[in-house]
Amino acid sequence: MNSKNSIILDNLADVSDIIDYEQNSIDYQRSIKNIEQLKSTEATEITNKLAINKAKKSSNILLEVPKETIYLDHNGSIQVITSEIIRTYVEKIFEKMEVTHLDIDKMTKNIFPKLKSINTIKDIDNQIISTASEMVTDHYDYPKIAVWILMTNLHDNTSDDFLETAEKLYNNKSESNKNAPIISENIYNFIKKHIKEINRVIRYDRDYNLTIFGFRTLEKSYLKRINKKIVERPQHLFMRVAITLHYRKNDLDRIFETYKYLSKGYFTHATPTLFNAGTTHEQLSSCFLLGIGDSLEEISECWKECALISKHAGGIGIHMTNIRVEGAYIASTQGEAGGLRVLTIFNDISRYANQGGKRPGSFAIFIEPWHGDIFFFLDLKKNTGAETERARDLFLGLMINDIFMERVYKDDVWSLMCPSQCPNLLNKYGDEFTKEYLKYESEGIYLKQIRAIDLWFKIMESQIETGVPYVMFKDAINDKSNQINIGVVNGSNLCCEIVEVSDKNNFSVCNLSSICLPRFVKIIDEVPTFNYQKLFKISRILTRNLNNIIDINFYPLDKTRITNLRDRPIGIGVQGLADVFAMFKTPFDSEIARDLNRKIFETIYYGALTESNKLAREFGTYQTYQGSPISQGKFQFDLWNFDKSQLSGMWDWELLRQEILNHGVRNSLVTTCMPTASTSQIMGWNECIEPYTENIYSRSTMAGEYFVINKHLIKDLIELGVWNSEMVDLIKYYKGSVANIPNIPDNIKAIYRTVWEIPQKSIIEMAADRAPFVDQTQSMNLYIDKPSFARLNSCLFYAWRKGLKTGMYYLRSKPASSANQFGIDIDKIKEIESKNGIKKQEDTFDLTDLTNTINQQVSGMVCRFVPAHLRKPGECLSCDG
């Protein structure tokens, strides 16, 4: 019997002397059947009588069953459970967790009424887990009770010997009883050789530091299973990753260093690395950037290549500007090209070739706005229209040239062209592109001329309706690229944070990891400090880890292997930036936050280059190093119009510059800002560089739907003495916002503004502040609660003028919702509105109304699409920023 379940059964024995009936007893069999089915009141009555009578006969004790009693069928026994037993069980959990500030009696009271239809101890656990998760509205530590139960269950059903777990994974059999090892022979042998050292280092108690959603995320997709049963603990996963990265050099010190900081939550590697480390197919890379040829043979080859990459959990970006337009002449067959209609097949492939059965396949397609099929492209994800002309599972992106933005601004003409007629436009950017574009225009080699502003409106219309296309500024990307000596960057990846050179023969790759920034905040005597030295150290560890992945990775294609070994790019990002600002009790766009933002990314960039320089001394530079900006002593911030007086002074950049000039670097690119959607759930922090979307929201797991509340906000409101159920209802009523709640001080409201309440100008400026230290780019979303052409245009132009490489990842608009979607019933809503004098809120956003105003907005408008004499100061980020 496992240790946790014995807690309950020991207490059962204390409450009553219930003895099992003989298995052949007709009454017993009937009662068990009824208990299992729990279909009628008779079940309770029969069980009650059986339990009482048997107890009386066996012990000669007049047993009075408490009023709050339920009946549990466990291993063929009839058991009596009371609220006191539940309380004792919860109390023991509190003792083991050393929790003293939570209310045992209140939790017991909330649990017991739910136990009317249970038949196993697991059901009791599930109700306690559910109750603990719901009680996050009382205190953010209640869900830790749920984690304790879940993790104890996992530990009871898995081995605390890492070798035993490894043996199970290595000796796995298929359904046909053939050998089907989950981990590789080399990994297994290494574990077997060093198991004593490993078992001394591994710390299973750290499993309990996960949040409930972190555990649920690992449980669903990451922890290894045999016959659908989990056999791996989180610490096994972290050790498996650490061993994979360093075992080939027999480097136990680096293995244990990586394990230590990974298991303590200082960083995490990307999802494919967590999925596949140590397995028979170690595909550890996150991003693949592809080019494509224009012939049918090359296109069909690309279909196969995409399927193979997606099969092994890689996200894909494909630049397809070179695909000739629909109706273009094909000399070999005297036929006509299908143009970008080929994307409907890519859409089907993405649906079929999912990522190892764990995540849907994901493809992003990039073209430039001069392509003749641009309007067809922009309609691909729309909800209306013929299904044969839609590809709603693809993600769409634009590589926008500066000349297009200039023509939109001037309300000038724009020429659409076919790449087969204008081949000199391909692989060009900046002045060279403009020169060729103007030449083709002057010669009349274009398909059609339109107002640039008409296309711009069409782009924004698609973004407002579907959230895409992404906006990448091609000239900014290439002007500031450390790979410019290799070639021109023509596309990006699935999430718009990777910008690497690729073509139909050379597919680029990137390996990612993210640093959990809140782990570097220490609060001493209520004064927060940020440990930049530790951040520097972690950046160096990750640089070496990611560099190792390049060498050990399983590559689905030679095109990916050759390019990655040649250019060796990596991507170190972050998560939990908003958590850091909350811990510092400073608003997201304050000067303190901006200073932290700059220093954090300067430190990561400095640490990454320092370690890459050390790696170059050990193994040599990457093959295409010579001729790169970094080989000439130019850092990323040297490629920007950057005021070096804004450097923190913490790091000796000139010394590092000289070391790099002397010895080079091992990696062509090192820093990025990826979304961290899944890994942020695991580590328990806010996503990436994003502000909080809401301070309270619901999240679905396999165990049900629970509320998540910003724990920093709860802590601050507890300190103010205003955290109570009424406050929770008000935050739910306002859909996660605290802006309109009267008894919250203004300084707290400023700290906990949601992304809908923070000016997008601030989001863009924060991105621009860190950009000189990000040599790839950033997954920067725009958040506009009720999108309009004017507001969206203003943001996009401001991002362009700030020199950002990514102008927009997704456009996020606020979904129409009501308070009852946040767990408040209609009567409660009416009560809140009446008590607080709130007028009924209306959420109205009609895309049709927006679209119908397009002709009115175009006339006489340039930047914000509002005539200058009607525009208020500060309305337009682009003009006034």
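Even glycines carry a Cβ here, placed using N, Cα and C.
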Recorded substrate site member, picked from Gly314, Gly315, Gly327, Gly633, that accompanies Thr271, Ser286, Cys287, Asn493, Leu494, Cys495, Cys496, Glu497, Pro675, Thr676, Ala677, Ser678, Thr679 in Swiss-Prot: Gly315
Distant-in-sequence Cβ neighbours of Cys495 (substrate binding site), under 8 Å, six or more positions away: Cys287, Gly315, Ala364, Met674, Pro675, Ser779, Tyr809
DSSP-assigned states of the domain 'ATP-cone' (69-160) in counts, ordered helix, strand, coil: 57 helix, 12 strand, 23 coil
For Ser678 (substrate binding site), the three-state class that DSSP assigns: helix
Confidence summary for the domain 'ATP-cone' (69-160), mean pLDDT rounded: 83
Tyr810 (site 'Important for electron transfer') versus recorded positions Arg324, Glu497, Ser678 - nearest by Cα: Glu497
DSSP three-state assignment (helix, strand or coil) for Tyr809 (site 'Important for electron transfer'): coil
For the recorded positions Asp294, Glu497, the one whose C-beta sees the most other C-beta atoms within 10 angstroms: Glu497
Chain-internal residues near Arg324 (site 'Allosteric effector binding'), provided their CB is under 8 angstroms and they sit 6+ positions away: Asp294, Ala337, Gly339, Cys418, Pro419, Ser420
